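The transmembrane segment annotation in TrEMBL covers 9-30, 102-125, 137-156, 176-195, 233-257, 277-298. Summarising the annotation, TrEMBL assigns domain 'ABC transmembrane type-1' to 98-295.
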Amino acid sequence: MRAYFIKRLFMTLPLAVVMSFVAFSLLNLVPSDPAEVALRVNDIVPTDEAIQLMHHELGLDRPFFPRYVLWLWKVLHGDFGTSFITRQPVWHVFMQALPATLYLAAVSLLMIVTLSLTLGIACALTENTPFDKAVRSVVFLTVAIPNYWIGLLLMWGLAVNMDLFPVGGMQEERSVILPSCTLMLGYIGTYIRLIRGSMIGNLQQNYVLYARARGLPAPLIIGKHVLANSLHAALVAIGMSIPKLIAGTVVIENIFAWPGVGRLCLSAIFNRDYPMIQAYMLLMALLFLGFNFLTDVLQAKLDPRIRGER
């Protein structure tokens, strides 16, 4: 297990370096001059002298590779530069918005796990019944309808017309319900189908027939044998959904005026706040790589055959 862990770690580190290089290259690929953008967003006239000074402040007057090495060294010490808009350290602004996004993602993940397990198991045990068909029909709709449409429909129906929830913001505890439900509905269909299909397949295995022949009670067979063998793939998929949930809050947070990282990122894109965009790109990439690494290790821990194959 230790050898597999080290192998996966050494496969992940080069990808992290590549993603840092891609994020840094953003400043050199944009069509506009970052120095001029930094001056304009702060209402400073971009004269030649001011642009030259800003080039020096941003380090754009140095060769590309030394700038990348210096930037990476600063990033490793938590320095992502200064926001063009707020003139505050990017890391400070990012960490102020992060708790709201993590809270939204945590509530959504709790809903996903609870409903996916409950409905997936129930559908597998009642295969092809009206209940199973009804759940699969609803699941199909949630997968087919874009998240932002679901969010707008929930807002219009439950917040505007029925006044059950706040329209947006984070002022009340119930404010999290509509955005988390919107985020949850985009993922739950996949996991209900995954758990249902896996359980139906395991219910037809020989070890289940043998357990029934021995006279073991159905709850014991399902709980100890079928469910344990059906949840490996679901746990791995749900684990990989965590970075997707966090990255997927960009649209949801802007619909519901949720003060999180996603809303901060979209604001940075509209205002061309390149240091903030760089930080968001790099941190989201590292989040995906980190959870991919942890998921691989967890999967290898649960299924020793994977360690031998890889």
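Using N, Cα and C of the backbone, Cβ positions are placed for all residues, glycine too.
Taking residue pairs at least 6 apart in sequence, the transmembrane segment (233-257) and the transmembrane segment (137-156) share three or more C-beta contacts under 8 angstroms. Within the same chain, the transmembrane segment (277-298) stays apart from the transmembrane segment (176-195): fewer than three Cβ pairs sit under 8 Å, each pair at least 6 residues apart.
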